[in-house]
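Asks: Here it is, the structure in full.
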Amino acid sequence: MAVAELSPSYKTQLKTCQQLSSSLSTRLSDHRKFSLRLLPRPVSVRGGIRCSVAPNQVQAPVAVPAEGQTGKPECYGIFCLTYDLKAEEETKTWKKMITIAVSGAAGMISNHLLFKLASGEVFGPDQPIALKLLGSERSFNALEGVAMELEDSLYPLLRAVSIGIDPYDIFQDAEWALLIGAKPRGPGMERADLLDINGQIFAEQGKALNAVASRNVKVIVVGNPCNTNALICLKNAPNIPAKNFHGLTRLDENRAKCQLALKAGVFYDKVSNMTIWGNHSTTQVPDFLNAKIDGLPVKTVIKDHKWLEEEFTVMIQKRGGALIQKWGRSSAASTAVSIADAIKSLVTPTPEGDWFSSAVYTNGNPYGIAEDLVFSMPCRSKGDGDYELVKDVVFDDYLRQRIKKSEEELLAEKRCTAHLTGEGVAVCDLPAGDTMLPGEM
């Protein structure tokens, strides 16, 4: 972002910092020490300003970067303060702070998700976090607005917030990367075009993660088409275990549980062992064969098998489109909830006998699904961020046929993006028909 674009707001930023320092000087108690300093205003091709405070409140001169020097992500407001707490006053029960990077951080989904993360709802009431928010030049003002709201919310577990537009800065040392940002499919855009446009975004983000993120970073890809975007991302991050990459199919799982509960006349917490197989598209396979209601097989509880085979899957696929008709926009809050659910499924032990759905790397899978894909399958976790595939599932011809169709689609998407995964020239022979979910067009 050019300096000229940020200059009008700099004095306002400085004034805010001066006011903050004045307020702090009168309110800080003796037992907490703050190291406060006014940082020079860096100028670079990546742009940005830094905000902090110092007792003398002298504006620093504009710093001109050396050739090749790059900017850093911006700490924001109160999060620019350096805390120096006495050892005996530190919270003894808190865990070591974890760093979470979020792309598309100025969007509606993130606007719901970030506050769940900051509140402790996702990682727990004893887990402090640092949020690193990735936006674009166009969304940078909105990104500052998000940071302001986080600042005003006074979350004790939120210890640091930084904002920026360069993934190589924002992904530095990230232990979780929630990749939400992607271009939506516009009018007249072919599916192959969307695969290419968003694939380039996730190829670049994969390279950035590979270069600067934690070697054990956990990555959840939300931007669509999420399965193939996750595959592209992991192929561009060879230093990170492929097993650490997930495509989000949890919203599909949650929707399937809701519809089964409605049909059975029970509350949705009675539905377990729900699997979404395959692609996050209209070829997805909500598995009612292995799912249970109150511990019993779904087909035992719901006698209307025609409904299960002919209507149930279509209802899940069309749920997003139905929401748009009512709400006027695609789902944001429920998507944020599903991201939170997906993370919680990895950081808390899976209840005995249950499992959850996630689109993960297929190498070594026990189901006979083609390898080298990102395919939604049933998983269990011990709560350590890792997972294992569930082996004790059953298949019938109906389920296998539909899984095969989704597999063929993902193989075609892989061929269509071969130029982004280092596997040669792309050949787009996508199956006939439009399989994008109605809520994502």
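Glycine residues also receive a Cβ, built from the backbone N, Cα and C atoms like all the rest.
Per Swiss-Prot, the feature transit peptide maps to 1-51; the stated evidence is sequence analysis. Among the features that Swiss-Prot reports, disulfide bond is placed at CYS75-CYS80, CYS416-CYS428, with the record citing similarity to another entry. According to Swiss-Prot, the feature NADP(+) binding site maps to GLY104, ALA105, ALA106, GLY107, MET108, ILE109, SER110, ASN198, VAL222, GLY223, ASN224. Annotation comment: Swiss-Prot describes ARG185, ARG191, ASN224, ARG255 as substrate binding site, evidence class sequence analysis.
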Asks: Reduced to three states, what secondary structure does DSSP give ASN224 (NADP(+) binding site)?
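Replies: Coil, per DSSP.
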Asks: Tell me the Cβ contacts of MET108 (NADP(+) binding site) under 8 Å, same chain only and six or more apart in sequence, or just say none.
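Replies: The answer is ARG329, ALA332.
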Asks: Looking at the recorded positions listed here (CYS75, VAL222, ASN224, CYS428), whose Cα lies nearest to that of ARG185 (substrate binding site)?
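Replies: Of the recorded positions CYS75, VAL222, ASN224, CYS428, ASN224 has its Cα closest to that of ARG185 (substrate binding site).
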Asks: Between VAL222 (NADP(+) binding site) and ARG255 (substrate binding site), what is the CA-CA distance rounded to a whole number of Å?
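Replies: Cα of VAL222 (NADP(+) binding site) to Cα of ARG255 (substrate binding site) measures 16 Å after rounding.
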Asks: Using CYS416 (disulfide bond) as the reference point, find which of the binding-site residues GLY104, ALA106, SER110, ASN224, ARG255 has the shortest Cα-to-Cα distance to it.
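Replies: Nearest in space to CYS416 (disulfide bond), counting only the binding-site residues, is ASN224.
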Asks: For ARG255 (substrate binding site), identify the closest of the recorded positions CYS80, GLY104, ALA106, ASN224, judging by Cα separation.
Replies: ASN224
Asks: Near CYS428 (disulfide bond), which residues of its chain come within a Cβ-Cβ distance under 8 Å, counting only those 6 or more away in sequence?
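Replies: CYS428 (disulfide bond) has long-range Cβ partners ALA192, LEU195, ALA412, ARG415, CYS416.
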Asks: How many Å separate the Cα atoms of SER110 (NADP(+) binding site) and ARG191 (substrate binding site)?
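Replies: Spelling it out, the Cα of SER110 (NADP(+) binding site) and the Cα of ARG191 (substrate binding site) are 25 Å apart.
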Asks: Filter the recorded positions CYS75, CYS80, ARG191 down to those whose C-alpha lies within 10 angstroms of the C-alpha of GLY104 (NADP(+) binding site); answer none if the list is empty.
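Replies: Correct set: empty; none qualify.
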Asks: Among GLY104, ALA105, ALA106, GLY107, MET108, ILE109, SER110, ASN198, VAL222, GLY223, ASN224, recorded NADP(+) binders, what is the largest CA to CA distance in Å?
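Replies: Max span of the NADP(+) binding residues, Cα based, is 18 Å.
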Asks: Among ARG185, ARG191, ASN224, ARG255, which the record lists as binding substrate, how far apart in Å are the two most distant Cα atoms?
Replies: 24
